[in-house]
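To start, the structure itself, in structure tokens.
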Amino acid sequence: MSSTDDKPRKVQKTEAEWRAQLDPMQFEVTRHGATERAFTGKYADHWQEGVYHCVGCNAPLFDSGTKFDAGCGWPSYFQPLRGEIIDRVVDRSHGMVRVEVRCQDCGAHLGHVFPDGPEPTGERYCINSASLGFEPRK
């Protein structure tokens, strides 16, 4: 687990390119590490079957079958589709030590992972809706 985002990414864009692609909330969350307010994101209470993907690069991140209601106001999942698609980064902001999760392909801030999730992993990936897109299962 690293403490900085210094690794090369598959998808690299300028700030202007990210701003043109993303809406203002998506940009602040994914590129500056902001957090949307609890219970306001479009996927907080979304239960359709399918795959949630990175809004920045479309990398598939979470299957709807791993989503659960954590009662926290953000979409929560107990595991990513593939462990290697998520980077874990030590986050020491706001006087806390947490584990930030980012998209490995484009470096988008997704949210944080906590050790209080359900079986089988015991982890809770607490993810901002603004960092996600969704593809329904066919």
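Numbering starts at 1 and runs along the chain as displayed.
Keep in mind that glycine also has a Cβ here, set from the backbone N, Cα and C atoms.
Annotated domain 'MsrB' per Swiss-Prot: 15-137, in sequence order.
In this structure, Cys106 (Zn(2+) binding site) belongs to neither helix nor strand by DSSP; it is coil. The Cβ of Cys106 (Zn(2+) binding site) has Arg9, Lys10, Val11, Gln12, Lys13, Cys54, Gly56, Cys57, Ala59 as same-chain neighbours under 8 Å, each 6 or more residues away in sequence. What Swiss-Prot lists as Zn(2+) binding site is Cys54, Cys57, Cys103, Cys106, and the listing cites sequence analysis.
Marked as active site, nucleophile by Swiss-Prot on the basis of sequence analysis: Cys126. A simple way to gauge crowding: the CB of Cys126 (active site, nucleophile) has 23 other CB atoms within 10 angstroms, across all the protein chains here.
Counting only the Cα atoms, the space from Cys103 (Zn(2+) binding site) to Cys126 (active site, nucleophile) is about 14 angstrom. Compute the center of the Cβ atoms of Cys54, Cys57, Cys103, Cys106, which mark the site for Zn(2+); besides them, the chain residues with Cβ within 8 Å of that center are Val11, Thr30, Val55, Gly56, Asn58, Ala59, Gln104, Asp105, Gly107, Ala108. Residue counts for the domain 'MsrB' (15-137) by DSSP state, with H, G and I taken as helix and E and B as strand, are 28 helix, 40 strand, 55 coil.
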